[in-house]
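Everything on this sheet refers to the single structure shown next.
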Amino acid sequence: MTQVLERPPVAPGGAPPAARRAAHRRVLLEWIAVHALGIAAALFFTLPFVFVVLTSLTSDQQALTRDLWPHTWEWGNYRTVLDTPGFLTWWRNTLLYAGLGTALTVASSVPVAYALAKFRFRGRHLSLLLVISMMMLPPQVIVIPMYLFWAKQLDLSGTLWPLIVPMAFGDAFSIFLLRQFLLTIPDEYLDAARVDGCGELRTLLRVVLPMARPGIAAVALFQFFYAWNDYFGPQIYASENPGAWTLSYGLESFKGAHHTDWNLTMAATVLVMAPVILVFFFAQKAFVEGVTLTGVKG
Amino acid sequence: MTTSMTANTLRAKRRSSALRTLAFMSPWLVGFGVFFAYPLVSTVYFSLMRYDGFGVPEFRGLDNWVYVFQDYPLFWPALRNTLWLVLVMVTCRVVFGLGVGLLITKIRTGAGVFRTLFYLPYLAPPVAATLAFVFLLNPGTGPVNSVLEGLGVSAPGWFTDAAWSKPALTALALWGVGDLMVIFMAALLDVPREQYEAAELDGASAWQRFRFVTLPNISPIVLFAVVTGVIQTMQYYTQPLVAGKVASGIIGGSGQSFEPGYPDKSTLTLPQLVYNLGFQRFDYGSACVVALVLFALAMAFTALLMRRRGGLIQAGDR
């Protein structure tokens, strides 16, 4: 606060003291107004989390009332949720889907993005247009033939493989985002590597990849979150087999089984939210960079 | 350099560079064929067939199309909801996102903390966030209605009231406005300082500075936010579905007796119809008709996005 107050007022240097004081006051008032609004907004964004956590710690009886502040702190609710049959399996499945899916996406999308960003070839523009179209395609558009393909021809419904395998063939959003990032790497670096006798693959692995690390981190995060949050995919392919459910899908059925126990449902909700928030705190910079990269660079 | 080459080495070189491109592009080429082109063609094919997953698809011409547009009771409500969401939810999100973005650029003290707090809800997994909001807004024990009734306001039923379910979904969408906030923040910081200083010298008020300096500078980003918002609305699936399911569970006591779009079809969206027709009624043909409507809408807005904002593609070809 002092930092702001000590700043010279906006009024021109030779102004009389009264004008200076008025300008001073305006700066102070603006500071107060902005920060009051900021706190109001912060309450809007954080109170839902606070209420969810508080409710997750109330007793079964209290959860049926409007009384929000826990009379007794029931940490055991989390134990109960974790002991629910299936919950840990859903965790494992989610990690498999998100982890393996992310690794496959990055491995298959990087070379494509590199070609789109740095090679000159006929059809390059068309390919990019098609990548963007794929990116904008709602998954429901192609789900009927895809389901028939995986379920009737390959007999893989009731597993997560129909969701994981396609990630080995490039993800449109990841390709697009990586391409945007690779464009910012100057061609001189690549030329230098080629002059030194590197083939394209070596150039990609040794020169481009280290420089593209922030872009790759952003793509990996987005993809991990996508799989973690995906509801439609598991609903289509895994719903018939609870052993293949993911957290996002299982959470809703948990609510169905505990329809009056808001405390347990909120504890489960916290357990699904927490990992994502933790990952975010460790990788905040890469994430925010990625959000800005998706549309507005250029 | 090329002039000193013989035609043969030149051709060889071209071929190897074409092979190289092919090799690098190959994962996506396969993906494009198997997971985009083939299913798309197949969707068109099935939209003309009667097929329930067993036996052989039967050619029925435009029957499915007529059924969806004329007799399927959920199609028009879903389309109307989508229009509502485009007009109200997208507008609210863009205005609110811009407002929060502006606010964060003005905050001097603790800006980093505020930014993180504003951004976090965007990351909350949709199913979890929806459950949280159904709880917060539930008419029986929800804290929001406790507060409202404490203030003497007659509180609405939110997710259990057909007139209030979409406003409740809008509140949920505003809570997760962090993506737009970051995009607007970046755009606002890119507005040249000198233009503000010039406007200030000319005696422009704060509103005039916003209207005549800020807005023209960020208008491409506003358009980008609107169009991507519309495209996202076409795909809006998890939140309305989960909200409807969970809220109907509160009333009926169990999630089993779920009526699509509860309450009273007010949370139906087009993607839900694909699920309803394909995976609940096993009418794959009609599901494909809705899928194609969805496809046409999504592609129309994508084309708009690319035409009006060449930047999306040409970003690197400067």
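Each residue, glycine too, has its Cβ placed from N, Cα and C.
Owing to the predicted nature of the structure, the values given are computational and were not obtained by experimental measurement.
According to TrEMBL, the protein carries these features:
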type	residues	note
TRANSMEM	A:28-54	transmembrane segment
TRANSMEM	A:95-116	transmembrane segment
TRANSMEM	A:128-148	transmembrane segment
TRANSMEM	A:160-182	transmembrane segment
TRANSMEM	A:203-226	transmembrane segment
TRANSMEM	A:262-283	transmembrane segment
Closest-packing stretch to the transmembrane segment (A:128-148), where packing means Cβ pairs under 8 Å, from A:28-54, A:95-116, A:160-182, A:203-226, A:262-283: A:160-182
Considering the transmembrane segment (A:160-182), which listed stretch of A:28-54, A:95-116, A:203-226, A:262-283 counts the most C-beta pairs under 8 Å: A:95-116
Highest-contact recorded stretch vs the transmembrane segment (A:203-226), from A:28-54, A:95-116, A:262-283, CB pairs under 8 Å: A:95-116
